[in-house]
Each structure stands twice: as structure tokens, then as C-alpha cells.
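Trainee: Just passing along the structure, written as C-alpha cells.
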Amino acid sequence: MRVNNGLTPQELEAYGISDVHDIVYNPSYDLLYQEELDPSLTGYERGVLTNLGAVAVDTGIFTGRSPKDKYIVRDDTTRDTFWWADKGKGKNDNKPLSPETWQHLKGLVTKQLSGKRLFVVDAFCGANPDTRLSVRFITEVAWQAHFVKNMFIRPSDEELAGFKPDFIVMNGAKCTNPQWKEQGLNSENFVAFNLTERMQLIGGTWYGGEMKKGMFSMMNYLLPLKGIASMHCSANVGEKGDVAVFFGLSGTGKTTLSTDPKRRLIGDDEHGWDDDGVFNFEGGCYAKTIKLSKEAEPEIYNAIRRDALLENVTVREDGTIDFDDGSKTENTRVSYPIYHIENIVKPVSKAGHATKVIFLTADAFGVLPPVSRLTADQTQYHFLSGFTAKLAGTERGITEPTPTFSACFGAAFLSLHPTQYAEVLVKRMQAAGAQAYLVNTGWNGTGKRISIKDTRAIIDAILNGSLDNAETFTLPMFNLAIPTELPGVDTKILDPRNTYASPEQWQEKAETLAKLFIDNFDKYTDTPAGAALVAAGPKL
């Protein structure tokens, strides 16, 4: 660690932060460990040491993102390009903010950070040097600095020496906005972005994921405008260099299924796809830990050691962790640097073009098959639909599975209209000759979740090509091509109708789900391209 690295309090004054008496610049993991466990710390700043060697922290009531508190400054930069919450048919979280309110929020955060001892972490978002963002994170909380050191790409000493930030993130978790009502905002908490100033402000929420997903939203704005796919997916590569990407919302299996001992991990959540291939945005993983076991997910379990950072888990007095306890939240998490997983792409998290594109869905209705092979039009239809069941706890206030449609399997992070992401993805897939599949990691007629063992065998069949050679039949209403048998998979579950006491039970639920799909897709029918895709969806 080089304290300050020549970064002076005067430089922070350019952002409006004054009277800083100490800057801890790009702290080492050892220093962060000492800082987090400092016995003089109180509240959510203080970490607890666990028996696995990782520090655990609490994020208070903010155990997930706060999408209702997300704002983007509407000005000449963004007015005509952003996908706004108050325009068009599609619902999203991109609420406009006036430049005046932005200045007020910025004043609150800079006042909070002024006169303090600050942690500054410079890191990259994006493994491709041509398109990466150089991001400077500023916080007064040691574990928040640890979180971004884990999650973003750590620069070399040479890269740090010439580091010039493209984007500034100021985390003022301890401050809130008392004037929120007069300003027409959702609450006293805020996560705000300004594309002209290239800055993110955080106030009121302690959730680390706001910094991670904030930069994802920015990459989702900048890259597609350059013709580069920006994707909420995990990715891995096989021995022959064959790349697979796994799209899916939180809790559908992206991290679990891409962390495969037979394949090298590119990354578990956020990727781009350009002329050279698929590349990670991040330098770490952010895995869910609820009900984590060493037997079911050994790679993730073994990644929880010194330098990993646990969030909202229950730590017993002896330092052991109760991974089954979801009393604080179902969205318990761990962040760790990607090299905590043994089988990764080195030295840079990128590989060639993807040939297999897998859409993960967790169907709470028990209607969709465990796997189906999609046509080109079905690929676009299901990508724009982004169906899953919201699983407990990744957003505040959601505890039971409820059906949701999230465009591009990541509507919360989209900055442009969903059709722009679909167009770029389709172009990349066509150029690479990629095939798409819909994989249901959710429930079936038994009321039980499809086992990880069966899902892994299905993924193996996709990746080794045996699914493409399998005989298929068509599931009515949804018109999906389903294999009649697959090695290592219980044949009985391949047709979801067989998991019900009677086919009529499936039919009834299927009609309900089909109607939800049709109603949701209506928002895309105002364009000729969208209207043409209706035929690829379910029919009643």
C-alpha cells in the first residue's frame, strides 16, 4: 500500500470535499482487516471475525438495493438517450432528478465526507482496457472500501501511477436528505447519478451492492451505444475455448451454475461482448450464502476465507456462521476477489465469443420445463420478457416468490430501452453462431425446486452438445422444444406436465402464466420489431 500515492486533500476539494485530515489510498487487505476489526468502531461500521477467517458486517435495514431511491440527472447528456421511468410503456427505476436537487444531494454527501479520515479506492470496471471505466470510490467506512476492492478490477502499481478517474463514487451512507418530501423524492435515502459530472452519490443506505450495481448501470449506458453488448450474466469457458453465458436475475443460479469445476470462470454477474469476445466488468464475485453448504457448493464455500467479506449472516458467539438463518434477510451475501475461485481465466477475465447462451428462470408456477432449445425469435422474446419469480430478499420487502418480468434479465440496471440490448445481443449471437436455451431452475408440479444435481446435468448436456442432438417434442401453449431424454437427468421431470397429479392441473397454471407473458409483452408491440415477436411467445 502506498498511503496517498500523491493523492492530496486538495484533489478531493475538486469534488467538494474539504478539510480531509487523512487519506487511506488503495489500502491493502491486511490494513482493511485491522481497520474493520478496530474495537473502537460502533454500529454498522464494525466488522466481526468469523471462524472461516472472513470478516462479517451488517448493513442494517438495507439488506438489498433500494430501486425506489434511484435517480438520474435529466440534462442535455441524458434527456434523449436514457430509458426514463416517466416515458413510454415499460416500467423501470430510472427516475429523473433535476440538476438543482442533484446539487443539494451532492452538498449533503460532501459535507458528510468533509473533515473526516477517508478511504479512497481507485479501480477499473471492465476487463477490456479500451472500454473500461476508471472509477474512484470515496468512503469513510473501511468495509465499504474492502467491498469495492473485492468487486472491481484491482490496478497494478504501474496502472495506479497513471490513474485518471473517469467516474467518481462518493458514498455518504451516514447522511440522509431531510428535504426529500419537498423535492418530490421517494424517501430520505438516495442513490443518484450524474452522467455529465460522471459521478454517483449514495446517502442513507449501507448496502454495498449499490456501488457495484451503480457502475453496472453506467456500463449499461455507455457500451451498447458503441455496439458492445452489456449483459447481466455469468460466463465461463471450457477446455476447448468454448464460452457460455448465463443470464438470470438474482437467485436463479448464475453464480452457482457458472462456478463449475470442469470449466474456467470468466465472471459471475456482469459482462460485455465486443469484437474480441466476452469480458468481465468485475474483479470479484458476490455470491448469495443463504443455505450455503460445503457439499452442494464447495467452490463458493472455500472462497469464504481471509479477505472475503460476509454481509448480514448470523455469526454465533464462537465465530461460526449459521448459513441457514435468514432472519435478518434471505439476501445474505459474500464478496471475494475472483482469485478465491481456483478455476478462473487468468490473468485477465476475458475469453472468446460465446456459442451457448443460457437464460435462467426460476418459475414459481411450476409450468416451464427444466430446459428447452429456443429459436432465434424465441431468444429475443424470452430475453425481452426476462421472466422469473422474484426470490426472497434481493430487494427490500420481498420474502415469498412472486412472478416478475425483468427485461433482459436485468431491468433494474438498464439505462437504455430494452430493445437496444436485444438488438446488440442478437447481432453478437448471429456473428458467433450462438444457440440459446431456456433453463428453469425453479419449481415443478411436485412443489419442490428442481435439484441442483439435475440442473447441472442439464447444463452439461447443453455445453457438451448432447442436448442439440437429442430428440425433442413440443410443449403446447408455450411452443417450446423439449428433449425427450438427457444423460443424468430424471426423464420424468423433462415434461413439466408429468410432475402433476393430472395434466389438467398443469394446463390451468399454464394458462395463468401464458396470460402474464402476453400482457407483459404488450409494452413492446408499439414497434414493428416488437410486434413481429409476439408469435414467438405463448398462445392461449
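Each residue, glycine too, has its Cβ placed from N, Cα and C.
The annotation substrate binding site is assigned in Swiss-Prot to Arg65, Tyr207, Lys213, Arg333. Annotated Mn(2+) binding site per Swiss-Prot: Lys213, His232, Asp269, in sequence order, evidence recorded as sequence analysis. Under the heading ATP binding site, Swiss-Prot lists Lys213, His232, 248-256, Glu297, Arg333, 449-450, Thr455, citing sequence analysis as support. The annotation N6-acetyllysine is assigned in Swiss-Prot to Lys87, Lys523 on the grounds of sequence analysis.
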Trainee: So of Arg65, Lys87, His232, Lys254, Arg333, which of the recorded positions has the fewest other Cβ atoms within 10 Å around its own Cβ?
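Mentor: Checked Arg65, Lys87, His232, Lys254, Arg333; of these recorded positions, fewest Cβ neighbours within 10 Å: Lys87.
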Trainee: Can you give me the Cα-Cα distance between Lys254 (ATP binding site) and His232 (Mn(2+) binding site) in Å, rounded to a whole number?
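Mentor: On Cα coordinates alone, these residues lie 9 Å apart.
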Trainee: Report, in whole Å, the straight Cα-to-Cα distance of Ser250 (ATP binding site) from Tyr207 (substrate binding site).
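Mentor: One finds 16 Å between the Cα atoms of these residues.
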Trainee: Cα-Cα, whole number of Å: Gly248 (ATP binding site) versus Lys213 (substrate binding site)?
Mentor: 15
Trainee: How many whole Å apart are the CA atoms of Lys87 (N6-acetyllysine) and Thr252 (ATP binding site)?
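Mentor: That separation, Cα to Cα, works out to 30 Å.
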Trainee: Taking the recorded Mn(2+) site as Lys213, His232, Asp269, identify the other residues of that chain whose CB atom sits within 8 Å of the mean position of the site's CB atoms, giving them in sequence order.
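Mentor: Going along the sequence, the neighbours appear as Lys212, Phe216, Glu270, Gly410, Phe413.
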Trainee: Which residues in the same chain, at least 6 apart in sequence, have a Cβ under 8 Å from the Cβ of Thr256 (ATP binding site)?
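Mentor: Listed in sequence order, they are Ala287, Glu297, Ile300, Ile452.
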Trainee: If you draw a 10 Å sphere on the Cβ of Ile450 (ATP binding site), how many other Cβ atoms land inside?
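Mentor: Ile450 (ATP binding site): 27 neighbouring Cβ atoms within 10 Å.
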Trainee: Quick check: in three-state DSSP terms, what is Thr252 (ATP binding site)?
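Mentor: In the DSSP reduction, Thr252 (ATP binding site) maps to coil.
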Trainee: Sort the binding-site residues Arg65, Ser250, Thr252, Arg333, Ile450 by C-alpha distance from Asp269 (Mn(2+) binding site) and give me just the closest.
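Mentor: Going through Arg65, Ser250, Thr252, Arg333, Ile450 one by one, the closest to Asp269 (Mn(2+) binding site) is Ser250.
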Trainee: Could you check the recorded positions Lys213, Lys523 and say which one's CB has the fewest neighbouring CB atoms inside 10 Å?
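Mentor: Result for the recorded positions Lys213, Lys523: minimum number of other Cβ atoms within 10 Å at Lys523.
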